[in-house]
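Participant: I have a structure here, written as structure tokens, and I will follow up with some questions on it.
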Amino acid sequence: MEDKQKSLSPPPCPSTVTVRRNPLRRARATPYTTATKPPFSSLASAITHDVPTFPIDEILSIQIPQSEPKQSIPESLKIFLRIKPLRSFTKVTTTKARPRNVWPQNPSKKNIAKENRNPEITKKVKKKDEEACITLNDPYSVTLTPPQSLQELKRSKTEVYEGFSHVFPADCSQNDVYDKMVQPLLEDFMKGKSGMLAALGPSGSGKTHTVFGSLKDPGIVPITLRQIFKKSHESSSGPLRLFNLSIFEICSERGKGEKAYDLLGGESSELSVQQSTIRGLKEVPIQNLEEAESLIGQAMLKRATATTNSNSQSSRSQCIINVRASCNGFSNETKMQYSDAMLTIVDLAGAEREKRTGNQGERLVESNFINNTSMVFGQCLRSLLEYQKNRKKGLQKHHQNSLLTRYLRDYLEGKKRMALILTVKAGEEDYLDTSYLLRQASPYMKIKFDNTEEPCNKRQLKTFPRAEKNKKIKLSAPKTSQIEENFLEERSQISQEVHLQGKKADPRDRSSPRLEPVSHDKNEREHIIMRNFSKVLWNVLKQYNEKLKVAEGEICTLKDSLRREQLKSLVLETELSSLKSPCLAEPCIPEAVVEAIVHAKENFEVAASMTIVLRNVDDDSCNLIKARREAGAEESSDSPVPNVIRNVDDDSCNLIKESREAGAEESSKSPVPNMRNVDFDSCNLIKSRREASAEEPSESPVPSKNVKDAELVRCHLSSQNDAEPRQSVNSEENVGIPSATTHVEAEVTDFPRDQAIQNQDDPTPSPEQVEVSQDFINSQISNVQTKSAVSRRFPDSEKQERNRRLLPVSSRSLTEKMNDLDIKENQIEKPQVKTAKTHVQKKAESIQGQEIEVPAREAEPASTKKQRNGQKPKRRLQPASSVLLTREINTLEIEDDIAEPKGTRGGKKTTVSQPRSQGSVTLLRLLTNNLHL
Ligand SMILES: Nc1ncnc2c1ncn2[C@@H]1O[C@H](COP(=O)(O)OP(=O)(O)OP(=O)(O)O)[C@@H](O)[C@H]1O
């Protein structure tokens, strides 16, 4: 103490002391100082000595409360997660090596023995079974990873679930679960607060194991009962509390509805359910743990269970265990009355998938019920979780959908405390069930997209250049089967090439540029496609070319057939015209022959008119001949079509020339009879015939007669070529030749085809033809003689005008010349002169003085006349000329007439008073007499 006092003694006083005038101020006494007043003597020392030390030890001893997890679960609902250990884990751990000489008892043992013999297999099994889909992150969160198979098939992702009150790993014990989960609720229960514990999870995940456990490893219920009676005994100071136990189950009645059964009741254990209250439930008071455990044991025996593929003793009902605590006294400590509390422990039936459970029939109905109940419970739970997160949102109520949720309405609405434990299986095959449960009941969920890159890359690779090309090719591909086949072949080749290139390429090396091989492949592919397409096009073009050739051949054949048809039609037309032409020409021909003098003019008019008709035929025939010559020489040679009928110009020389030329060329070839009108200009005619006679006789098969004075080309339809008998007629020899009128008629009427063919084959004229031609020539000659006499009667203008009206241009000159002959029309129809004896002098220049000796005419037989009249009643071409002739003849003054010299034919015919020649006078007399004019 002395040392201490010495150490606390103040320092020695200084030599000088300062005294303060003001009274000494005392500082406010501190509590510390006030509490224990030290003695004044020791005040100074005490002041310096009592400085408090810093309470560092106290500060360090203070325990700072640990920060709770961010996602704290509300008090009314706590969610726990328990992971069931993997089966392989237990198998591997329980596997014991057996001696090799032991015969395996069953297949499983046999497999085990195999595994033992082959440790690699065991390792593989271990590796395979050890792979879990769920891993524990921390006591409050887990990560769920999809298995590899599901990652490839669909777009799966790693999920992180958090916000749990606690996550029990696979190796946790039942006591851990009780401590963390049940004890808080039990304390409140003992204080009179109700609470509920529920186990939720798929089938076989350990719900029943967690809730009830086993004899060796008891679960929540046994432990809780034990703790209840333990605590009740410890709190001896408290009121007397009574506990009652009730157990019932909710199951489906053949799938039609929900039923509740009392598991502690008697035989009629069915309960009546009204909304959320269950009537008739038996509560059994429990005094001690043994009674409680026996009751629970009895209830478990009554509970509906079944064996499924997922669980050998699967719960088929929702089991509810109620422990009600009743209190009849006051608490000594709080002096408050205890209310009844209810602790509810629920073992739900696990949701199960049909494929995994293999349920059928009644089991399947139970499964549907269980799944529906689980779904409704999960919806209610989800709604409560969302409601607790955000209370602004209203609570969605789903509890009405099942009896269980209706019974647990207060808990599912958050009015009472509830602790939920989720049991999950950690195997890969249980991923879907686990994921479904966690999505439904976990407080929070995060989705990691770490494993989403691979599917994206695969998709990109799949849709790389091939798909677009296929589409394009499909759209642009032609529909021909050949093209499709080629396309398929190329497609397979290219796909193989691409596949090989893809194999060669390193898929991991993403940095390596793959555009070059792709572009190269694209170019090659396009090249192959275009090449094959061009081949196909070439083949198609070839086919079309062949088709075109065939079509051209058909066109040629059709053209030939068309030509033939046209020729046939032309032949028919010409036949028709030929049939028409004789009908028209028929009446005039015999008259021209018979009426030697009187009908000379008319004859020429008829001939001229014939030319009009036949001229048309000429054109057609010419064309026809041309066509037939082109078509073939054979057809033309056999053709019965009449040949050209030519009109001869006034100029006789031209006429003869044309006739010669035509005769030399055509008549030798063509069998068709020719018809020529001949000018009767004597001078020209004689000249021309002289010239012709020098050439033709050699060709003509029939020797012509002596041509003394003149040659006349006969106008006959039946004769046609140069071989026809152009007879030079001596008028003297022809005198007395009988008329060939009948023959002419026959020829004319029978002309058409047979005669033509006959003439064609035999160019030699028949005697009848010769006769007719002779008569005709005679008549023409007589006409020539008569013309000079008659022409004087009419003025030239009038004649020309008439010619213009009646005849075509080519024949007008002829008719003009013949107009000089005034012949009565009536004479045509009266008995005609058969023949006329004419004298044709050699020198045509001096026609004057010629005399035509007209023999006594013979009346034509009546029969012939009648026949002719009957056959040819119509004479369309004659009336105009006949009338004129009649007029002229009527005006003739035969007695006073004086023969007109022939030399005036080419000159002016103005004088009517010119003297007639003797021959003409005689002729006129004969005419008048015979015709009875
Ligand atoms: N944590 C665990 N540790 C050891 N074994 C367990 C565990 N959880 C469950 N088991 C075993 O798994 C099997 C199935 O468990 P349990 O019957 O509890 O599943 P469940 O979820 O109730 O199925 P269900 O819904 O079909 O009734 C039981 O044999 C049980 O012993």
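Counting starts with 1 at the first residue shown.
Here the Cβ of each residue, glycine as well, is placed from N, Cα and C on the backbone.
Found this in TrEMBL, in case it helps:
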BINDING   G201, P202, S203, G204, S205, G206, K207, T208  ATP binding site
COMPBIAS  503-520  compositional bias 'Basic and acidic residues'
COMPBIAS  717-733  compositional bias 'Polar residues'
COMPBIAS  780-789  compositional bias 'Polar residues'
COMPBIAS  793-804  compositional bias 'Basic and acidic residues'
COMPBIAS  865-877  compositional bias 'Basic residues'
COMPBIAS  910-919  compositional bias 'Polar residues'
DOMAIN    76-447  domain 'Kinesin motor'
REGION    1-36  region 'Disordered'
REGION    495-520  region 'Disordered'
REGION    629-650  region 'Disordered'
REGION    660-679  region 'Disordered'
REGION    689-738  region 'Disordered'
REGION    780-813  region 'Disordered'
REGION    832-879  region 'Disordered'
REGION    898-919  region 'Disordered'
Participant: For the recorded ATP site, whose residues are G201, P202, S203, G204, S205, G206, K207, T208, find every other residue on that chain with a C-beta no more than 8 angstroms from the centre of their C-beta atoms, and list them by sequence position.
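Facilitator: Apart from the listed residues, the neighbours are K84, A199, H209, N311, G350, T423, K425.
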Participant: Taking DSSP as the reference, which of helix, strand or coil describes G201 (ATP binding site)?
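Facilitator: Where G201 (ATP binding site) sits, the three-state DSSP reduction gives coil.
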Participant: Show which residues of the chain containing S205 (ATP binding site), separated from it by at least 6 in sequence, have their CB under 8 Å from its CB.
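Facilitator: The list for S205 (ATP binding site) reads K84, G350, T423, V424, K425, D430, D433, given in order along the sequence.
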Participant: Indicate whether G206 (ATP binding site) is helix, strand or coil by DSSP.
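Facilitator: DSSP call for G206 (ATP binding site): coil, neither helix nor strand.
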Participant: Who sits close to G201 (ATP binding site): which same-chain residues at least 6 apart have their Cβ under 8 Å from its Cβ?
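Facilitator: For G201 (ATP binding site), the qualifying residues are K207, L348, G350, A351, L422, T423, V424, L437.
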Participant: Taking only the residues in the domain 'Kinesin motor' (76-447), give me the average pLDDT of this model.
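Facilitator: In the predicted model, the domain 'Kinesin motor' (76-447) has a mean pLDDT of 78.
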Participant: Counting across all protein chains present, how many other Cβ atoms fall within 10 Å of the Cβ of G204 (ATP binding site)?
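Facilitator: Its Cβ shell of radius 10 Å holds 25 other Cβ atoms.
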Participant: At a 10 Å cut-off from the C-beta of P202 (ATP binding site), count the other C-beta atoms across all protein chains.
Facilitator: 26
